[in-house]
Amino acid sequence: MNRREKSRHELALLASTGVYHTYDQWTRSLIPFVQWNLQPNVGIDNFIWLTAISTSFTLIGTFFVARMIEVMGLRNSAMISSAFVILYQFLVCQFTNLYVYVFLQSLLLFNNMQMIIDAAILNLESEDGDYKKRTRLITRIMIPQSIGYALGPYCALQMIFFVTPSLEISQALCGFLALFTLLPVIWNYFPDNPNTNLSLTPDFSSYFEVLKSDYVKLYALLLMMVTGPYTAYDSLVRNSMASSAIRDPNHMHNLFLTLGLTTILVNTVLLPKLQSAISTKALLSGSFSVLGASYLYLAVFHDLIHLFIGMPVQVAAATICIGELSSQLMGAIGKRKAGTAASVLRMSQLAATLLVPFVHGTLTAHHDVVSLCLMSAVLSGAAVGAIRKFGSSMVFSSEYLPGFSGKYE
């Protein structure tokens, strides 16, 4: 692949990432309102189990989408996955029956577009340990992803509170826009690398093979230690704010817009500067330490004003941890198993999300924010200890990480 083709494919990845996450966050912002309207009524204590059902389908789908990537190629896999997710976005707000809602979650088997993008990143780069280029591209990808995190909730809440109160119209518009913006980018500009000699049946042996590596297991575990606590706290805040949004929608709107803007600032300004100044091991240790401190802060202070202080710090630290660990995990597995690498990366985060309802509500009460934050802080501290003791595999240092502004060599 020459430089021009590589540049074109990279731009397609950037565009599709931004568009995908915009509509994904649009839908996610409206889901709490959908759950409040379900019949038979679902108590708030059960909302987290509904999220677990959605996550279960997505987790199962990682095995099949990963195989699709290796057999059908990146373009065809992205087209099929996006089409099913857009169908879900069209339908999810059209029904209020609980059982229909649960059935629609099966479409989320294909909600693995980010995994396809991760595989495309690995496909664009060599497998000879070039962490420099891979991390630079992951950093670039995080910028449109962050924009989507800010723009999606903004569009969703602007529509529902200031244009029309109809969930059906707002979500149908989301699906309509996705249909005419995401699919053309994928079809015209995504890399295409099918391998028709392989079967679509998932090869589970490849997962056992890559998980034999202690490095892969370490990075996957650390990703779970970031994603699980963050998902639990985020879910609790979203459902809590949705229950009071009718009285004052600006609180929910402004908070999630602030979090989205924080991720943009981190990925465009803070992360490149930190990458050029310190090693990955030190950066991850520091980020997990800051993440733990943010949970302790949120355990003590619960008012809205403190959410606007503690949650941006939490999101910034989690963003850095996920970006750095993703690069390490993908590099440890290698390009020849791009689908498997992306699948392990995705499964690590989904598995942590799936464990949330079993911990949150079993070991702690559903509304016990203090216990949840304290447990999350302990996990962050444990991650720091694991990095210090087992992080010798994080061998690349600052000279390999000039930031996101460099060109391919």
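From the backbone N, Cα and C atoms, a Cβ is placed for every residue, glycine too.
Residues 32, 35, 77, 81, 101-102, 105-112, 115-116, 119, 200, 202, 204, 232, 235, 239, 339-340, 342-343, 346-347, 350-351, 353-354, 356-357, 360-361, 366 of the same chain, all 6+ positions outside the transmembrane segment (47-66), place their C-beta atoms under 8 angstroms from a C-beta of that stretch. Positions annotated as transmembrane segment by TrEMBL: 47-66 (among others).
What TrEMBL lists as transmembrane segment is 78-101 (among others).
Only residues 6 or more beyond the boundaries of the transmembrane segment (146-163), in the same chain, are considered here, and those with a CB under 8 A from a CB of the stretch are 17-30, 33, 169-170, 173-174, 245, 249, 252-253, 256-257, 259-261, 263-264, 266-268, 319. Look at TrEMBL and you will find 146-163 (among others) tagged as transmembrane segment.
When Cβ-Cβ distances below 8 Å are used as the criterion, the transmembrane segment (169-190) is approached by residues 8-9, 11-13, 15-16, 19-20, 23, 26-27, 30, 74-75, 78-79, 82-83, 85-87, 89-90, 92-94, 120, 155-156, 159-160, 163 of the same chain, each at least six residues removed from its ends. Marked as transmembrane segment by TrEMBL: 169-190 (among others).
Marked as transmembrane segment by TrEMBL: 215-232 (among others).
The transmembrane segment annotation in TrEMBL covers 252-270 (among others). Within the chain carrying the transmembrane segment (252-270), a Cβ under 8 angstroms from the stretch's Cβ atoms is held by residues 25, 29, 139, 142-143, 145-154, 157-158, 161, 237, 241-242, 245, 304, 307-308, 311-312, 315-316, 319-320, 323, 404, all 6 or more beyond its ends.
Residues or ranges marked as transmembrane segment by TrEMBL: 282-298 (among others). Outside the transmembrane segment (282-298) by six or more residues, the chain places 222, 225-226, 229, 233, 274-275, 306-307, 309-311, 313-314, 316-318, 320-321, 324-325, 369, 373-374, 376-378, 380-381, 383-384, 387-388, 391, 394 with a CB less than 8 A from a CB of the stretch.
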